[in-house]
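Accompanying notes for the structure given below.
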Amino acid sequence: MKISSLLFEISELVEKNVGYITQIIGPVLDVAFSPGEMPSIYNSLVVKGRNSAGQEINVTCEVQQLLGNNEVRAVAMSATDGLMRGMGAVDTGAPLSVPVGETTLGRIFNVLGEPVDNLGPVQNSATFPIHRSAPAFTQLDTKLSIFETGIKVVDLLAPYRRGGKIGLFGGAGVGKTVLIMELINNIAKAHGGVSVFGGVGERTREGNDLYMEMKESKVINEQNISESKVALVYGQMNEPPGARMRVGLTALTMAEYFRDINKRDVLLFIDNIFRFVQAGSEVSALLGRMPSAVGYQPTLGTEMGSLQERITSTKEGSITSIQAVYVPADDLTDPAPATTFAHLDATTVLSRGLAAKGIYPAVDPLDSTSTMLQPWIVGEEHYETAQGVKQTLQRYKELQDIIAILGLDELSEEDRLTVARARKIERFLSQPFFVAEVFTGSPGKYVSLPETIKGFQMILSGELDNLPEQAFYLVGNIDEAAAKAAALQAGGQ
């Protein structure tokens, strides 16, 4: 019995295309194959063996370049510790494939589609390759509709498009990941939608916190994992650049299955798209390509386009993508955020100044934009209210220098009124989050779009001029602000 199984393994190995490692430079391997047996670009190679300590090695690599002299250059998807020249590398004959479908919900995967949550293997036969073409023009859906998030500042001033691409821009520590967690929470609870979260090159601690948070809020159901609303794919900061560069594609592939086969609306979160570019830059340098502007890879636009063009709405379903974009040194002209801008339908820009004031979410109401904020899409009432809010805040911004030099008393009566309303608007744009209850001590609030519009209309019209501005801070709808004002008044007497 043992001899027959050994013969089977040997015959299987002979059938496979096996090369051997000739050079290892960090996560990059050069592999030599027999003449006429060269693997294709993006094929995955598997290196198995034992290191000098006798421990098993199993490293998957992706072919990136054909070098000539029957050699290929491949990038490893996991650590290359213990690999040696002369080790065998088996050509699988296909790109990386990952599990897809309902059984991925509630689970955490790595870039290879292997579960890393200690809950056992995925009971699933369906797999998709991570390299796929974008949908054809004829399959695309061009209908415009708003995606309500329950977050006042987003829904009013920079609404998201269903099936669109949204960028969350901000430097370190201004609240991008908290905003993403709130969106996952609101969408799962209010819309019953399925989400896929791609953790690309971020902190492992944040990934773990997000997982625990999702279990607490029942977005991931521990008792009945099949009722979970999200699949998680992580390629964190400690992973090699190959894994960080491809983990976004793994998450996108899982989302595409829900859209194309299950015909559902899906939310794809990528935190952080900058790390995808950064990993591509590292791989590009390791492959010996000449760097482009600011040291980025010359193929920056192509790599970004191949990912972004697959994120779209078809006649079968939609993928709405929300991408956190780390802005290096808060410089929006850096090639990485600038390239990302070109693909987005809406931008949510987070402001360090607002975060310093304690206004959360620290979304900049004047810098954030959306192609959806048009009167024929959102309606006249919404559009006029949003424009009124922006004009009031813009006037307040212009008056701030005068206030700093001369004080409020030197302003005209009209300008003093504008400043008072702008300060109320600024505070009313803050909102307690469900996922931040432990920090703020305030229960989270989901505010519907009609309630949001009504609240800001009342502030703009002057109906609430007699209420103190602190009554508008960290509340949900306008009724809560009025109740808070009454409580403040009662407390002050």
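For all residues, glycine too, the Cβ spot is worked out from N, Cα and C.
Taken from Swiss-Prot as is:
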- GLY170, GLY171, ALA172, GLY173, VAL174, GLY175, LYS176, THR177: ATP binding site (BINDING)
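The sparsest Cβ neighbourhood within 10 Å, among the listed binding-site residues (ALA172, VAL174), is found at ALA172. In the three-state DSSP reading, GLY170 (ATP binding site) counts as strand. THR177 (ATP binding site) falls within a helical segment according to DSSP. The Cβ of GLY175 (ATP binding site) lies under 8 Å from the Cβ of LEU350, ALA355, TYR360, PRO361, ALA362, each of these being in the same chain and 6 or more residues away along the sequence. Contacts of GLY171 (ATP binding site) defined by a Cβ separation under 8 A and a same-chain sequence distance of 6+ are given as TYR326, VAL327, ALA329, ASP330, LEU350, ARG352, in order along the sequence. Sequence-distant neighbours of LYS176 (ATP binding site) (same chain, 6+ residues apart, CB-CB distance under 8 A): LEU168, GLY170, ASP271, ASN272, ALA324, TYR326, LEU350.
Residue density at GLY173 (ATP binding site): 10 other Cβ atoms are found within 10 A of its Cβ, drawing on all protein chains shown.
Taking Cβ-Cβ distances under 8 Å and a sequence gap of 6 or more within the same chain, the neighbours of THR177 (ATP binding site) are GLU202, GLU206, LEU210, ASP271, ALA324.
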